[in-house]
């Protein structure tokens with residue numbers, strides 16, 4: 001769906017995409033928004049499909065609805081029988097039934113293309129610039145890396161989109177996050193997105209759609225851009241966007257569901273208008289110098305609890321207001337003492353994967369650090385590719401052998417340890433260096449302690465047995 005994106009006053013990228021999809025706008029600003037792509041997984045969709053049945057409705061656009069099981073899916077070879085939780089087993093079975101009954105584009109566990117929905121969508125070419133994309137999952141913002149307006153929705157909204165291919169929504173405000181200059185060696189897209197959250201807080205983006213821009217963002221690959229946008233929700237934003245460019249077009253071109261021939265040329269012509277105009281209004285602007293960003297890790301139980309690896313665990317007294325008690329609770333849960341150097345915190349496990357960092361470039365980066373090394377004694381490691389195709393490509397490149405030789409488990413695709421909904425979990429008190437997106441209490445299993453970081457930082461921690469500055473290992477290889 002397109003629209004006149006050049007008329008009137010200067011507009012942001014978000015303005016252009018939103019305006020092009022408005023079906024109807026009420027006087028109070030409430031809009032009916034057309035949805036181009038609807039992604040569904042097994043956790044937030046069963047009630048929505050049952051609602052359709054009870055109302056005697058069909059899915060309005062099954063051809064634009066993509067279904068993938070990922071949250072409950074075991075990453076061991078015994079896929080279906082490995083689902084120990086009865087509710088999880090039912091959810092996966094219901095998605096299978098619903099996808100087949102309603103004629104959706106479906107990637108079951110037996111399909112090599114199956115994986116985490118936010119990796120499968122772009123991989124298959126379902127995600128395109130200028131689109132509206134929704135899913136009953138908070139990390140739908142990942143797709144914003146393509147210049148698509150993408151965000152999570154609730155189960156009742158899932159039913160509404162299934163039935164009407166529209167969503168009722170008011171427009172958010174515009175926020176610009178500019179990362180100027182170049183990143184230093186050892187600093188990655190994950191460090192960018194965590195540093196932004198550390199600077200603005202988890203409520204800094206509330207009520208906004210963020211556009212990420214600046215030289216450091218432009219320098220990122222598409223996979224790096226997906227990592228940045230993935231965590232827009234952790235910064236409180238409805239969505240995160242990056243304007244499409246030649247890197248975007250090159251990534252999309254030739255994928256199974258990308259336009260072909262004349263349709264490609266027409267689509268690309270529109271995509272090239274998808275940028276924020278000079279003089280467009282921003283309600284909030286945050287600027288960070290790329291050269292000031294260091295490899296970072298989280299120390300507490302919120303993504304905003306982030307510091308450079310060269311720092312020390314803060315004390316509750318370092319904070320103000322309600323954050324004093326929050327810090328005290330975080331330190332108690334994480335079993336940390338104020339003043340402890342972050343690079344002395346010992347770990348029990350390493351998790352490399354998730355919709356944040358489960359793509360081929362993430363695995364290459366981690367393998368580059370691990371090659372010729374072993375996991376430290378007493379540390380277990382798990383590498384979970386984000387899709388079956390990522391896994392296959394990694395094996396073609398020999399990355400699996402590097403991980404296995406280092407002592408990691410090489411798993412099948414799925415959400416895995418990122419959330420405690422499948423067999424891959426931490427034991428109470430276990431501490432994990434993780435490439436996922438949330439470090440909440442119990443996120444990776446009851447009592448589990450999560451430190452968020454980049455794939456290269458997680459790999460370095462695995463080698464040393466404690467949180468480590470990856471730049472030290474990089475210096476050793478020079």
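Each Cβ is built from the backbone N, Cα and C atoms, and glycine gets one as well.
Keep in mind it's a predicted model, so treat the numbers as computed, not measured.
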Recorded [4Fe-4S] cluster site member, picked from 229, 355, that accompanies 415, 418 in Swiss-Prot:
355
Packing count at residue 415 ([4Fe-4S] cluster binding site) (other Cβ atoms within 10 Å of its Cβ):
30
When the number of other CB atoms within 10 A of each residue's CB is tallied over all shown chains, which of the binding-site residues 355, 418 has the maximum?
418
So around the [4Fe-4S] cluster site, 355, 415, 418 aside, which residues have their CB within 8 A of the centroid of those CB atoms?
70, 71, 116, 139, 353, 354, 356, 358, 386, 414, 416, 419, 436, 437
